Amino acid sequence: MDHEDDYDPALRAALAASMRGQTTPQNDFVDLTGDSGDESKSHTTAEANVIDIEDEESDDDLRQAIALSMQEMQQSPPDGVLNGRGSDKTDGTTTDSDKPAHVSPKLRSASETVPPVVNFGIPGLDRKKLEEERLARVAKRKAESSISPPPLKRDAKVARRDASPEKISELKLTEGLPVTSAQALANSKKSAASRASTQESKPKTAQPSSSPSPQFLQGVVKKTWAFGYARNGDDIKIEEVLQTADLELAILSAFQWDMEWVFTKFRTPSKTRFMMVMQAKEESTRLQYQEETANMPNIRLCFPPMEGQVNCMHSKLMLLFHPEYLRIVVPSANMVPYDWGEQGGVMENSVFLIDLPKKSAQDAADAPRTAFHEELAYFLKASTLHENIIAKLSSFDFKETSHYAFVHTVGGSHFGEAMTRTGHCGLARAVKSMGLETQDLINIDFVTSSIGSLTDEFMRSIYLSAQGVDAQRATGSEWKSRFRVYYPSEQTVSQSKGSRRSAGTICFQEKWFIGPKFPRNALHDCISRREGLLMHNKVHTLFFHNSENWSSTDEYFKMMFVRPETSIKLSDGSSCRGWAYVGSANLSESAWGKVVQDRIRKEPKLNCRNWECGVLVPITESPSASTSDEEEKKDESNSVAEGDIVQIFSSMVPVPMRVPAPSLGRELKPWYGAW
């Protein structure tokens with residue numbers, strides 16, 4: 001077969017003709033708000049609209065061909081938003097020229113010069129057949145390898161086909177370690193050598209599974225898997241997050257999308273109902289997206305309000321409804337392959353997950369909702385998600401979420417009670433509600449992939465909110481020596497695995513850094529503990545600390561860890577040594593909001609330009625453990641060292657970065673990219 005057959009003009013013409021012919025109106029629909037048992041009443045055309053990689057006897061070949069075709073996507077992401085190749089422009093400016101570009105969520109290839117493999121529109125049966133034939137030809141010419149290794153081995157093929165449909169969901173996908181180069185392994189071992197004493201004491205954690213099961217009933221934070229790096233239990237693949245075999249309903253929210261890639265992750269996409277929460281500021285954009293999904297009865301779209309000053313729907317959230325449990329996922333990753341460690345493994349993110357079992361008949365009685373449940377429902381309602389889907393949350397047991405807080409930013413202007421529930425005011429409320437409010441000095445470590453035009457006033461607001469203190473009443477001047485921001489240097493980006501071309505979602509402007517009001521002393525280089533990776537995490541680390549000898553270059557991290565000189569005593573007798581925020585919010589007023597005086601109503605209001613969400617994760621310990629720890633601290637230095645961070649947080653929150661980190665400035669310049 002000629003190699004040029006990949007881009008055969010006759011094939012492209014046939015595909016285009018097929019697309020023009022498939023313009024019939026939608027006659028069938030799937031009720032995304034109902035129970036999964038109602039699906040059979042209306043779901044009659046889904047298999048003609050979404051490629052089902054489980055049908056027919058060529059299913060394994062087709063799935064492998066799709067995976068192999070992803071190898072073509074190794075180029076630098078061009079500009080764009082919903083196709084997952086553009087820069088994550090979310091913060092800092094408000095001019096029309098800086099608003100995120102609206103790109104259709106049609107499926108596109110990584111290169112603008114290569115014809116798309118699949119179009120996110122109205123695919124027909126003839127087009128599907130042509131595509132299968134093309135992918136089969138590609139599979140014969142390519143080596144049997146993939147950016148993300150196929151979930152099923154060839155020797156499992158016969159067994160899977162012989163299994164009954166009821167047993168298919170019970171089959172466990174293969175979870176082999178990615179093949180790493182000798183150099184990658186050497187680098188990984190070398191970077192870990194200096195931390196051997198700490199890492200060796202950390203117990204190995206079982207790998208997550210892609211087979212449906214409620215693995216995280218108490219909640220967990222993990223790093224995203226990255227191709228070429230060994231796994232030790234603290235990372236997770238997108239397949240292991242989704243557990244698609246019996247997935248009934250998926251609510252997916254993201255800023256960037258690669259639809260082609262998303263659907264390759266679903267074993268039976270036509271049997272799962274989707275609600276996709278997307279950015280679409282203009283009415284014309286919303287109509288375009290709805291038209292493109294009109295003939296896909298198992299897909300519905302949701303567009304959070306973006307009137308006025310709101311420029312970005314930046315929140316990342318998954319609600320995955322399985323028959324017996326609900327998985328809530330709050331990642332910092334978009335729905336694009338490189339954010340989940342694929343396409344060469346150049347980027348890493350963080351993920352919070354918790355599995356909530358379905359309530360039994362005895363538990364179905366009205367029980368008080370947790371604060372986490374309340375704020376999640378509040379955020380979803382503000383996003384205009386259908387009320388029936390929000391009501392479905394009550395079918396699951398939220399008891400274990402009482403240990404966490406759901407923190408969000410709702411785009412728009414907020415007054416009174418609404419102002420206290422969102423943005424950095426909502427962060428302060430969450431800290432108070434969990435009993436973590438303190439007047440002690442704290443240290444904040446904020447790792448971010450995007451920085452806005454920072455000011456002293458904004459930094460003070462975040463510092464006081466992290467204390468759980470009213471920013472309108474307190475001074476908070478101590479933040480200047482206790483607030484560290486971690487953002488990659490130009491050197492770190494250039495020396496990373498993907499080099500400069502992989503930093504499209506890492507954003508900052510030189511004019512802000514050299515501005516007279518910018519807090520330059522707060523910035524430090526952001527270097528991953530997994531050598532060569534760039535971070536897209538948004539994690540803030542706070543330490544309650546009463547140290548006079550603390551050094552401004554002592555720490556580097558992507559979470560907000562709070563550690564007092566004396567641990568905070570909680571109402572249940574336990575103590576809290578620190579907490580972390582894991583979510584989508586970068587360090588900017590757009591993400592956390594700004595309190596101003598409304599000129600008409602003559603009262604304060606919170607202006608938020610973005611939609612964001614995240615989770616506050618406390619690090620607690622039993623009374624006996626906390627007592628012995630306090631005795632040990634009496635003989636310890638007050639300096640904040642890497643070992644302290646790992647020791648405190650690694651049991652719950654993987655520490656992604658190296659500390660101490662050098663300061664950014666004239667000698668070590670920040671990375672200026674994307675804007």
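Even glycines carry a Cβ here, placed using N, Cα and C.
For reference, TrEMBL has these:
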type     : residues       : note
REGION   : 16-122         : region 'Disordered'
COMPBIAS : 86-101         : compositional bias 'Basic and acidic residues'
REGION   : 139-215        : region 'Disordered'
COMPBIAS : 152-173        : compositional bias 'Basic and acidic residues'
COMPBIAS : 181-197        : compositional bias 'Low complexity'
COMPBIAS : 198-207        : compositional bias 'Polar residues'
ACT_SITE : His314         : active site, nucleophile
BINDING  : Lys316, Lys538 : substrate binding site
ACT_SITE : His536         : active site, proton donor/acceptor
SITE     : Ser588         : site 'Interaction with DNA'
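The most densely surrounded of the recorded positions His314, Lys316, judged by C-beta neighbours within 10 angstroms, is His314. Annotation note: His314 (active site, nucleophile) sits in a coil segment as assigned by DSSP. All protein chains included, Ser588 (site 'Interaction with DNA') registers 23 other Cβ atoms within 10 Å of its own Cβ. Spacing of Ser588 (site 'Interaction with DNA') relative to His314 (active site, nucleophile) is 13 Å (Cα to Cα, whole number). Ser588 (site 'Interaction with DNA') falls within neither a helix nor a strand when secondary structure is assigned with DSSP, and so counts as coil.
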